[in-house]
Amino acid sequence: SVNTYIVHMDKSFMPKVFASHHSWYSSIIDSLKSTNIPQSSPSLIYSYDSGAHGFSAVLSGNELETLKKSPGFVSAYLDRTVTVDTTHTPEFLSLNTYSGLWPASNYGEGTIIGVIDTGVWPESESYKDDGMSPVPSRWKGKCEEGQEFNSSMCNSKLIGAKYFNKGVIAANPGINISMNSARDTAGHGTHTSSTAGGNYVDGVSFFGYAKGTARGIAPRSKVAMYKVLWDEGRYSSDVLAGMDEAIDDGVDVISISMGFDGVPLYEDPIAIASFAAMEKGVILENGIPWVMTVAAGTIDRSFTGIVSLGDGETITVLGRTLFPASALVRDFTLIFNKTFSACDSSVLLSNIPRGIIICDNIGSLYTQVREIAVSRVQATIFISDEPELFDMPCPGVVISTEDSHALIKYVASNKDATASIKFQETILGTKPAPAVASYTSRGPSPSYPGILKPDIMEPGSVVLAAYIPNNYAAKIGDYIFLSSNFTMLSGTSMACLHASGVAALLKGAHPEWSAAATRSALVTTANPLDNTMKPIRDNGDINLTFASPLAMGAGPIDPNQALDPGLIYDATPQDYVNLMPRLQHTMNFTQKQIMTITRSKSYDCSNPSSDLNYPSFIALYDPNVPKTSVKIFNRTVTNVGEGSATYKVEIVQPEDSIIAVSPETLVFGKTYEKQSFRVSIKYRSNKTGKVSFGELVWIEANGKHKVRSPVVVSPVVSSGELGFLGA
């Protein structure tokens, strides 16, 4: 049998007779053809050079074995499928026109965001180029023509669009690609790219909710789309090809909200290409040691329905409906009957009298909404304390158990109880917010648990952004589908794109910063408190307890504070190479597998260290082994403030742990001066697998800077138990 393989090569072995790496790889494939059986001819799919050194090809097992004997062969693995992971969010991030990161970066002007996704809908108003600067002369990309997509569809906002589907075609011979171009047929790529860098669009809403002006986080940035995800399939060879070209084209930020579940780093094309991108200062987001990782959170905006009881009392329901129409629900009879109040049978529900059905807080809210939507029920009030609601295909609202008491009392005491519901209300300033979204990825990271992931949290729930008009954005009941040029989506993807936009702004304000410096600035200035000044809660925890850094990293970012972080924890590509022998030790990496990632032998591997200069700290223990341990960290910070400065350390100790820092004071004589310190964490294992956390904060004496790092003591989690890398 034949399969598609991704093959990594050592370019130093390329004979000088070849003018390019592509010629060399083609020659290697041709040499396999000469010894091949006629029925199966090997074929080259992609050549890679910027994100990886190597190629992808269709090979038989015998051809692969022959290839392994070729000079310069490093590794090969099967192609595999990939898992895919706003009008108010700029204000929620405190971005404003008069101070801070927006004006300092000129709204991201000139910065190029490359989005690896499902394509783009170029006609969307979010990609109009009104007020945009010319395309940077350094840009090497292009607008690739294809089905229903011509080069004139790009402009000074959408400066590039390419598509990659050779991997899909190789895996499915004879398949028909339904949209063979960079045009988006899923909506995901249009939504994510406009979230990061969409231009200003006035007067938008989602069926009457969230009315206002839509714009991306970096509205003056440039956007380039690399379509690698298809209705017909999603393959790593195409993803790697898209990233390879994005790096070569000259993007400043790559946003890629997808992953490969359970795949080691040396077979993860995102990890491999992102290492190459990091070397060039390109910023990415994903769950990999050298890449920024983003958790998803809620924001302080609620989509509401107002329930007015017949006796004049009003219950205002905050953030609990997204029914996409201005339905007339006026003076309907209220029906509360324990026979069907579980709302778990559409057949039973279809036989009840006309009116507003009250559904008890029993079972799954999702199931109740689904059963009501396919029944003949006129309107519904759901009683539920589930913290998140993503759609409402029936005329219904969700109220809390606490709010339901007045409703139930009114129904019980009035034989002819009635109520009215008004939809399409939006309320800003909802408290408490933000909270960690229930669906977000959580650490520790399977790629390397010794680095605290995620890094930060960004808005990811019900984010409004551009969408494709030929796919449904909402529905009523089970058969009425509604389209819209803008839609609300939730997911880690939406959070990643907020981070991409902020990273583009920081790149514009601080072009001299490395990707690690940008990540450090975002981590150390993040705010762990919600808008009630209490610790952020975790909606994914059934008890709604306070969120740990394994759920939210350092917390929600503060873009304006990140503009001036005081100190940064920087890291070079060599620092990550020093980490790799540790990866090799813990995950059985071979030297060749490490070279698959680094693409070169030029790095010095003589100084291995698991102690990366990272802006956070995690100590791991085995809950099955009772013992006390001490973990040592060495860190170096760079003063990026103005002139001399003195910082003193403050520590919040994790429960049953002791953190010590030496020295406790750092003195800087000038800007860009570096100082080092040592951290020790003494902790003991806990048989229940408890996670404890605290923080280490450098506070500037007589100054404005607080440089905060989260500290976590966590059990070692087996790869089968990890909840990380979700989408």
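Any Cβ shown, glycine's included, is placed from N, Cα and C.
Taken from TrEMBL, the feature domain 'Inhibitor I9' applies to 4-84. Residues belonging to the domain 'Inhibitor I9' (4-84) score a mean pLDDT of 90 in the model.
Taken from TrEMBL, the feature domain 'Peptidase S8/S53' covers 108-529.
What TrEMBL records for Asp117 (among others) is active site, charge relay system.
Residues near His188 (active site, charge relay system) in space but far in sequence (CB under 8 A, at least 6 apart, same chain), listed by position: Val84, Asp117, Thr118, Leu229, Leu489, Ser493. As annotated by TrEMBL, active site, charge relay system applies to His188 (among others).
Counting every protein chain shown, the number of other Cβ atoms lying within 10 Å of the Cβ of Ser493 (active site, charge relay system) is 26. Residues or ranges marked as active site, charge relay system in TrEMBL: Ser493 (among others).
Helix, strand and coil residue tallies for the domain 'Subtilisin-like protease fibronectin type-III' (611-713), in that order: 0 helix, 63 strand, 40 coil [DSSP]. Under the heading domain 'Subtilisin-like protease fibronectin type-III', TrEMBL lists 611-713.
Counting residue by residue with DSSP, the domain 'Inhibitor I9' (4-84) contains 23 helix, 28 strand, 30 coil. Every protein chain shown contributes to the tally, and the Cβ of Asp117 (active site, charge relay system) ends up with 27 other Cβ atoms within 10 Å.
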